[in-house]
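Presented below is the structure to which this report refers.
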């Protein structure tokens with residue numbers, strides 16, 4: 001057998017050219033210690049802040065502390081199987097979660113994995129959980145309303161699409177109830193809702209999901225759950241995951257509403273992680289960047305311009321603005337709004353709804369304190385008819401609270417003061433509303449119109465809610481066209497006002513309550 005050297009060299013050349021190098025370049029490190037879900041790693045010289053790290057057993061972690069000779073990472077999920085000496089690899093990726101329509105109607109964990117037993121979720125896209133908020137140039141002013149269906153909120157502290165409105169109060173004052181009612185009321189409003197449950201009992205979350213299903217709200221809602229039994233890391237990242245899911249809808253020219261229930265527990269989880277990472281503690285043992293923790297999350301809620309949507313969708317969606325409205329929840333201790341986290345979030349948001357345990361225990365539910373609850377930008381977005389009729393309500397309540405304090409000491413009151421007190425009592429009574437019974441704009445307008453025009457002046461306060469309910473039923477059955485007109489135009493012209501006047505007078509003559 002004769003071998004030609006040139007043939008051999010050609011053969012070797014072709015083999016070398018056809019060779020596919022399968023070696024992957026990855027930075028590796030070694031686990032030095034594992035304590036309470038915090039892992040110290042030696043090596044990993046090229047790791048990025050917030051990068052995903054791969055541990056043995058298909059477990060992932062986040063690199064949070066980059067020190068001179070070691071890396072502090074937090075494990076996402078179970079960490080019992082990780083031991084000293086294990087190999088850790090860099091992934092070169094920032095933590096991402098799945099986004100898209102496929103998530104609607106599902107319950108997922110902080111990593112976007114389904115936990116409702118309804119099978120896997122296959123989405124076309126995934127996005128990083130940490131994103132920079134849209135700049136000032138890409139934003140638009142808030143001028144479209146978010147109807148919560150609650151009289152006290154829509155009349156006194158209106159919320160607009162793209163606003164951040166804080167719901168703050170002690171435990172057991174109905175904070176979750178207000179947020180869930182707001183979600184239920186978005187039926188048919190073309191609004192995708194995301195409910196992020198942080199550090200709550202699994203049973204409480206399952207109750208909320210059941211209620212949302214009963215009212216048909218899961219058809220447009222995503223639930224992101226990081227229960228109390230999950231690690232602090234999962235509770236810390238859950239709000240960012242939910243926000244990314246909401247941003248997908250905002251950036252495709254749609255409207256989304258996100259509820260963070262609640263951010264106090266996220267701050268606690270972050271404090272726990274920071275202390276375990278040996279970061280220096282500050283006020284109330286929180287780390288120095290706890291303000292940034294919430295500000296970078298809440299700044300992502302915005303109303304964005306059509307140009308921004310066009311840029312984000314590469315020209316696929318034109319002429320549509322998008323919005324992400326945030327309702328963060330904060331729990332206070334004994335009504336103390338001057339604590340560290342409450343003051344931080346109050347200063348970040350565009351207003352707050354303050355719920356008081358005294359009002360709640362007195363049977364005034366939703367227990368909204370009209371005096372210190374404000375909406376800084378929602379007024380421009382308020383529905384015209386509610387704006388016209390609701391102005392007097394806030395004033396009546398504010399004056400009533402003031403006068404009621406004085407009236408305790410005064411024995412004889414003049415007629416005007418007595419009338420004002422009676423009116424305040426009536427308005428307070430009418431602002432009460434049972435849970436899961438949200439009202440449409442026209443139904444709300446009807447109540448406000450009746451109280452403003454003095455149709456309830458001769459009604460006993462204890463019969464006010466019965467009067468309101470009977471009036472609603474009477475008008476809907478006999479004068480339904482008036483309500484439909486208000487619902488369509490979202491305004492009250494002189495002609496409709498006359499018709500409504502006549503209709504209520506008819507009810508007072510012939511109706512029963």
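Each residue, glycine too, has its Cβ placed from N, Cα and C.
Values in this document were obtained by computation on a predicted structure and should not be read as measured data.
These come from Swiss-Prot:
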type	residues	note
BINDING	169, 170, 171, 172, 173, 174, 175, 176	ATP binding site
SITE	373	site 'Required for activity'
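Mapped onto this structure are the features recorded in Swiss-Prot.
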{"residue": "169", "record": "ATP binding site", "DSSP class": "strand"}
{"residue": "174", "record": "ATP binding site", "DSSP class": "coil"}
{"residue": "373", "record": "site 'Required for activity'", "DSSP class": "coil"}
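You'll find the Cα of residue 175 (ATP binding site) roughly 14 Å from the Cα of residue 373 (site 'Required for activity').
Apart from 169, 170, 171, 172, 173, 174, 175, 176, the ATP site neighbourhood in this chain, defined by C-beta within 8 angstroms of the site C-beta centre, holds 331, 355, 357, 360, 367. With every protein chain in view, the residue among the recorded positions 172, 173, 176, 373 whose Cβ has the most Cβ partners within 10 Å turns out to be 173. Cα-Cα distance from residue 173 (ATP binding site) to residue 373 (site 'Required for activity'): 15 Å (rounded to the nearest whole number).
Take the CB of residue 171 (ATP binding site) and look out to 10 A: across all protein chains shown you find 11 other CB atoms. Cα-Cα distance from residue 373 (site 'Required for activity') to residue 176 (ATP binding site): 17 Å (rounded to the nearest whole number). The binding-site residues examined here are 169, 174; by Cβ neighbour count within 10 Å, the least packed of them is 174. Within the same chain, residues at least six positions away from residue 170 (ATP binding site) with a Cβ under 8 Å of its Cβ are 331, 332, 333, 334, 335, 355, 356, 357.
Its Cβ placed at the centre, residue 175 (ATP binding site) has 25 other Cβ atoms within 10 Å.
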